[in-house]
Ligand SMILES: CC(=O)SCCNC(=O)CCNC(=O)[C@H](O)C(C)(C)COP(=O)(O)OP(=O)(O)OC[C@H]1O[C@@H](n2cnc3c(N)ncnc32)[C@H](O)[C@@H]1OP(=O)(O)O
């Protein structure tokens, strides 16, 4: 089985590494619009542009390795319309309760802990060493950055960027398309499209989820 990774940037390298540590695939290839076709990224060939994905459907699973939340949503829709299988990748060092739901296209990086009855949405990234506690619900296409701590029953809407090292206390709801800044501590629920920073976190501007 081949893994086709869409996106050969820094995040693509992390995705490749997680997949190699899992060891489920016999071949890895990248599709990318910025690296020349035929070039190597982390010793893995860029074989085409993103739009060429249909050429590689035979005996393949696909993974969308793009940091931007909206990009993952756009490419999810293209792969879904084409009926192509999307992988879910969990690093062997992650600790995931058996009662957790992981949707397709999720990446769980090294050192992540996900506690019972959490639900992790489509194409979500649980980045290095974040912790997602019991009954959390993470919306589709969101990213939980390295070192984030989510207390119990936190709800995160779709396309949210929860910045590196931030903390959200229990039962807080983050609405869709929000950005929580690096190191923030969020004590209250948010409206959609807010960017919040600081301790305690306060809204500063309309979020663009390109944090
Ligand atoms: C593996 C990986 O690399 S994963 C990537 C991990 N990276 C992240 O999580 C990055 C998170 N991004 C941030 O924290 C960004 O600073 C953002 C998205 C919150 C804001 O970015 P911008 O919209 O460019 O805001 P900008 O830099 O202009 O700052 C606006 C104001 O907020 C302040 N501010 C920005 N970020 C923070 C923060 N994290 N904490 C406290 N204050 C902040 C700035 O100092 C500035 O204040 P001022 O107006 O008094 O000067």
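Any Cβ shown, glycine's included, is placed from N, Cα and C.
What TrEMBL says about this one:
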ACT_SITE  134  active site, proton acceptor
BINDING   67  substrate binding site
BINDING   164  acetyl-CoA binding site
DOMAIN    2-79  domain 'PglD N-terminal'
SITE      135  site 'Increases basicity of active site His'
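Here the candidates are the recorded positions 134, 135, 164, and by Cα distance the one nearest the residue listed as 'substrate binding site' turns out to be 164. Around residue 134 (active site, proton acceptor), the same-chain residues at least 6 positions away in sequence with a Cβ under 8 Å from its Cβ are 115, 116, 117, 118, 152, 153. Each residue contributes its Cα atom, and for residue 164 (acetyl-CoA binding site) and residue 135 (site 'Increases basicity of active site His') those atoms are 21 Å apart. In the vicinity of ligand 1, defined as a Cβ distance under 6 Å, the following of the recorded positions 67, 134, 164 are placed: 164.
Each residue of the domain 'PglD N-terminal' (2-79) gets a DSSP state, and the totals for helix, strand and coil are 31 helix, 22 strand, 25 coil. Annotation for residue 135 (site 'Increases basicity of active site His'): spatial neighbours 116, 117, 118, 152, 153, criterion Cβ-Cβ under 8 Å with sequence separation of six or more.
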